[in-house]
Amino acid sequence: MAAHSLLRTVLLALTLVVLSTAFSNPLPCTGECIDTHDPSLIRRTSDGTYFRFATGGGISIHTAPSITGPWKTAGEVLPSGSKINNPGADDAWAPDVHYVGGTYYLYYAVSTFGTQTSAIGVATSTSMDAGTWTDHGSTSVTSTTGDDYNAIDPNLIQVSGKNYLTFGSFWGDLYQTTLSSNLESWSQSTPYRIELNSTSPQPSEGAYVYHTGSYYYLFFSSGSCCGYDTSRPAPGDEYKIMVCRSTTVTGGYVDRNGQACTNSGGTLVLGSHGVVYGPGGQGVYDDIVEGSVLYYHYVDTNIGYADGDKVLGINKIDWSTGWPVV
Ligand SMILES: *[C@@H]1O[C@H](CO)[C@@H](O)[C@H](O)[C@H]1NC(C)=O
């Protein structure tokens with residue numbers, strides 16, 4: 001073998017090693033880490049207890065003394081379903097929790113798989129314990145067949161006194177609007193698109209906008225989320241976590257190559273690797289112990305591919321390059 005072709009072989013081997021170890025494994029999670037589709041995490045200010053909310057039923061609640069556990073079941077946010085009078089009211093999706101002025105606001109979606117009959121609702125509590133939540137029903141951010149967007153997967157971010165709500169999935173991908181100052185109702189301002197993957201089936205959803213340094217980072221889940229136990233998409237088309245960034249919350253968001261997120265841009269943050277398959281439904285949280293973390297659900301291929309098997313994943317984020325690296 002000529003020296004240059006040996007060198008090429010060695011470089012190729014090194015590249016493969018680097019690619020296959022590009023993502024860290026999730027931090028070890030203890031207690032009840034399964035059944036955590038589309039998690040939302042927050043630490044209660046009064047006593048330091050961590051709360052985790054997840055898709056399904058009346059939005060499950062788990063609590064733990066640390067972000068990695070041990071997690072235990074702690075009831076539901078909406079034990080008798082949402083007040084929203086849509087199909088799916090007893091199976092709420094994609095919780096997004098925030099602490100504002102002494103109250104915890106939990107946004108959720110009511111829809112059914114594959115339809116645009118959808119609405120974003122909100123519930124509030126001052127402690128987050130089961131039995132203390134008040135459901136306020138629909139925010140009036142809704143969608144119906146034929147609309148440009150699908151009103152699911154809400155995410156709130158407050159910027160300069162305005163309450164931006166990012167939402168959406170498929171059907172035009174990710175949109176943004178604002179809520180009024182009470183945080184419970186739509187401002188009536190027309191939603192605008194902040195991300196579109198023009199490749200069919202326009203598979204973006206689960207947005208989470210996070211501000212650090214000079215940028216707003218738009219995290220989203222791209223690909224096929226669910227039902228991997230009955231049919232799995234072509235490799236690479238399963239859920240993965242992408243990001244774009246912008247100096248203003250309203251856009252324009254671009255990826256690491258400068259490609260606009262509204263023009264199919266997006267930089268991969270976390271994809272399938274090792275026993276981790278289809279990571280998505282993510283959020284970002286500044287933990288007092290672990291620092292800035294990406295939290296998400298994933299299939300552990302040693303556990304199972306069903307939606308109810310999804311495991312809580314937490315990875316520390318390295319922001320040193322100006323882009324999130326896990
Ligand atoms: C856009 O969609 C295609 C087809 O599903 C997918 O291969 C690609 O990774 C997506 N791009 C982004 C930025 O999500």
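Going from the start of the chain as shown, residues are counted 1 onward.
Glycine is treated like the rest: Cβ placed from N, Cα and C.
TrEMBL entries are annotated by machine, without manual review.
Here the structure is a predicted model, which means the values were calculated and not measured.
Here is what TrEMBL says about this protein:
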{"type": "ACT_SITE", "residues": "Asp38", "note": "active site, proton acceptor"}
{"type": "ACT_SITE", "residues": "Glu205", "note": "active site, proton donor"}
{"type": "SIGNAL", "residues": "1-22", "note": "signal peptide"}
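Sequence-distant neighbours of Glu205 (active site, proton donor) (same chain, 6+ residues apart, CB-CB distance under 8 A): Ile152, Asp153, Gly168, Ser169, Phe170, Asp173, Leu174, Phe220, Ser221, Cys225. If you take the C-beta of the residue listed as 'active site, proton acceptor' and look for same-chain residues 6 or more apart in sequence within under 8 angstroms, you find Ala54, Thr55, Trp93, Ala94, Pro95, Asp153, Gly206, Gly281, His297.
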